[in-house]
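So that you can see what the record holds, here are the features copied from TrEMBL:
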DOMAIN    81-595  domain 'Major facilitator superfamily (MFS) profile'
TRANSMEM  76-94  transmembrane segment
TRANSMEM  114-135  transmembrane segment
TRANSMEM  147-165  transmembrane segment
TRANSMEM  171-193  transmembrane segment
TRANSMEM  205-231  transmembrane segment
TRANSMEM  237-256  transmembrane segment
TRANSMEM  322-344  transmembrane segment
TRANSMEM  359-382  transmembrane segment
TRANSMEM  394-413  transmembrane segment
TRANSMEM  502-522  transmembrane segment
TRANSMEM  543-561  transmembrane segment
TRANSMEM  567-591  transmembrane segment
Amino acid sequence: MSRKASDNVEYTLRSLSNLMGEKRRRQADGSAGSGAAAGERSLIAAESCSSLNSAASGGELERAARRQFQQDETPGFVYVVSVFSALGGFLFGYDTGVVSGALLLLKRELNLDALWQELLVSSTVGAAALSALAGGVLNGLCGRRPCILLASGLFTAGSGVLAAARDKETLLAGRVVVGLGIGVASMTVPVYIAEVAPPHLRGRLVTINTLFITGGQFFASVVDGIFSYLAKDGWRYMLGLSAVPAVIQFLGFLFLPESPRWLIQKGQTQRARRILSQMRGNQAIDEEYDSIKNNIEEEEKEVGAAGPVICRMLTYPPTRRALIVGCGLQMFQQLSGINTVMYYSATILQMSGVEDDRLAIWLAALTAFINFIFTLVGVWLVERMGRRKLTLGSLTGTAVALIILASGFLLSAQVSPRITLNPTDPSHQNSTCTKYSYCNGCMLDPDCGLCYKLNKSSVVESSCIPVDKHSTMKAAWGRCSNESIFKKEDLFWAYNFCPTPYSWTALLGLILYLVFFAPGMGPMPWTVNSEIYPLWARSTGNACSSGVNWVFNVLVSLTFLHTAEYLTYYGAFFLYAGFAALGLVFIYGCLPETKGKKLEEIESLFENRLCTCGSAGAF
Ligand SMILES: O[C@H]1[C@H](O)[C@@H](O)[C@H](O)[C@@H](O)[C@H]1O
């Protein structure tokens, strides 16, 4: 490096170092001092290393020093606060995921019919939809911290009730209480994290919440796997275990602070300043504090403070557009069929040749694991690619994967094996099953399954038989009604699928789906919603969009089996692919890039007409 270049570098580093010292001096709060000193120490270390590195250019060194400077500025406290809040995401994932395994045991022990099983699953999601909507008012009035405390209290109470339940009515009550907790947590946690995070880390930290959701779903499936071996009372552990993270979160939040932005809005400026400087360590907070405060005052002048927030949001064009984008993202997330793919994964994997019965539960764990790992990729990508490119890339891949998945089902339906045997029911009961001539009709009927043999890879001696009422793993009568015998005799039982040579296409589609969906379409709707509304509209905006997410979650999961019955499985997945394609057009036109922007700057991205908002992004 020439002498002049190295002088320049040294000068830059020194001025950065001075700047940090100056900022620290200006900072009234003493607690930030130690972090600043550490920051300065490492910067000076970076300085001496840098001047020794003669190969590197001045620009690179300057960037490295800035990076170092930035890293030192974010104290660990922000991460601690984010992880404690994201426990809410973990509980959301755990409690929505654990129920499928618990039901397998519950339906035998408490003799639950299909209606009660359906009630225990959808009551939670329905309650979540209602409480997410109500959570907006609570958030605005009481703040983020009391809402997180309330959610963890509800999770604890709900799991206690579930673990101790003696009858199905108590179980239903417990599931509703847990659902109320999920709704409040799902809308509060992303907002809270976005409000405490520094702009350059905001996307990553909020996305960690979705990582915790998928982590919770994965953990739930492992717990389901382990306790499924405990036929008596296994479900009590499955449902009760979520009390542990809930209590941890509750205790943690007794000591963690309120969002500084909410405090400024409520005029509690001294407290807000103290918390903000705790969150920013060695950084001067004056600029951020002033920008939040000015923004609140300007908003009040511009929009006025009268009338319900939702009416003000709808009549003020930038917030109306943000609301449409936020709700649209959440709607398309659910319309792309994530929860039906997760729900149907065990069958898709079985279709592809996995035959062991117990394996079904572990296969669901594998799917949840892929979802979790690829959400981690999203955490890594969000600050590199930005929200817009990541969402667009993810949804494109999701749509292609859905087409592959649907084609797998289509090909399988086209070569659906013929039914060659028509045995008569020994009890002479009338059943629709024996009327089908092809496996495809038999598999779409939830009461029937296919009993068959394999000759090389072709299906022979096949019959469509009613499924056993207590286990979908065997037939109600006939050759496939005793699992240990039919396995010895080389017979196979297919429930919900047809054995065909194209099953691997569906498996490929499933894996590709999760690989593409999890890093973008999974987390981005939550992340983007946490940042696109101005402070006065943030609670209400997130309440509405989370409500939309839960409502479409119920709609899609409840209608999936009927959709599959009317449109067949490939029809259903082609339909979701169609929704994903519509979502792509919507996101391309309407989603602006919010990466690296201060929360206070984001509103301006929605000042132009809706379908031109997207062009504010760099894509
Ligand atoms: O972002 C999450 C995540 O993708 C979950 O896996 C899914 O179950 C939820 O519905 C969704 O909101």
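Placed from the backbone N, Cα and C atoms, the Cβ positions cover glycine too.
Long-range Cβ contacts of the transmembrane segment (205-231) within its own chain (Cβ-Cβ under 8 Å, at least 6 residues beyond either end) map to 78-79, 82-83, 85-98, 100-102, 104-105, 108, 189-190, 193-194, 197, 237-238, 241, 342, 358, 361-362, 364-365, 367-369, 371-372, 375-376, 378-379, 382, 518, 522-524, 526-527, 530-531. No contact links the transmembrane segment (147-165) to the transmembrane segment (359-382), because fewer than 3 Cβ pairs that are 6 or more residues apart lie under 8 A. Sequence-distant contacts of the transmembrane segment (322-344) (same chain, six or more residues past either end, CB-CB distance under 8 Å): 100, 217, 313-314, 364, 367-368, 371, 391, 395, 398-399, 402, 405, 510, 513-514, 517, 521-522, 524-525, 528-529, 532-533, 537, 541-542, 544-546, 548-549, 552-553, 555-557, 560, 572-573, 576, 579-580, 582-583, 586-587, 590-591, 603, 606, 610, 613. Most Cβ pairs under 8 Å with the transmembrane segment (171-193) belong to 76-94, among the candidate stretches 76-94, 237-256, 359-382, 502-522. Long-range contacts of the transmembrane segment (543-561) within the same chain: residues 118, 121-122, 125-126, 128-130, 132-137, 139, 183, 186-187, 310, 323, 326-327, 329-331, 333-335, 337, 339-340, 343-344, 446, 525, 529, 572, each at least 6 residues beyond the stretch ends and with a Cβ under 8 Å from a Cβ of the stretch. Distant neighbours of the transmembrane segment (76-94): 148, 151-152, 155, 181-182, 185-186, 188-189, 192-193, 196-198, 201, 205, 208-220, 241-242, 245-246, 248-249, 252-253, 256-257, 278-279, 281; these residues of the same chain sit at least 6 beyond its ends, with a Cβ under 8 Å from one of its Cβ atoms.
Mean model confidence for the domain 'Major facilitator superfamily (MFS) profile' (81-595) is a pLDDT of 90. Outside the transmembrane segment (502-522), and at least 6 residues removed from its termini, the chain residues within Cβ reach (under 8 Å) are 210, 214, 332-333, 336, 338, 341, 345, 348-349, 351-353, 367, 370-375, 377-378, 381, 390-398, 400-409, 411-412, 415, 573.
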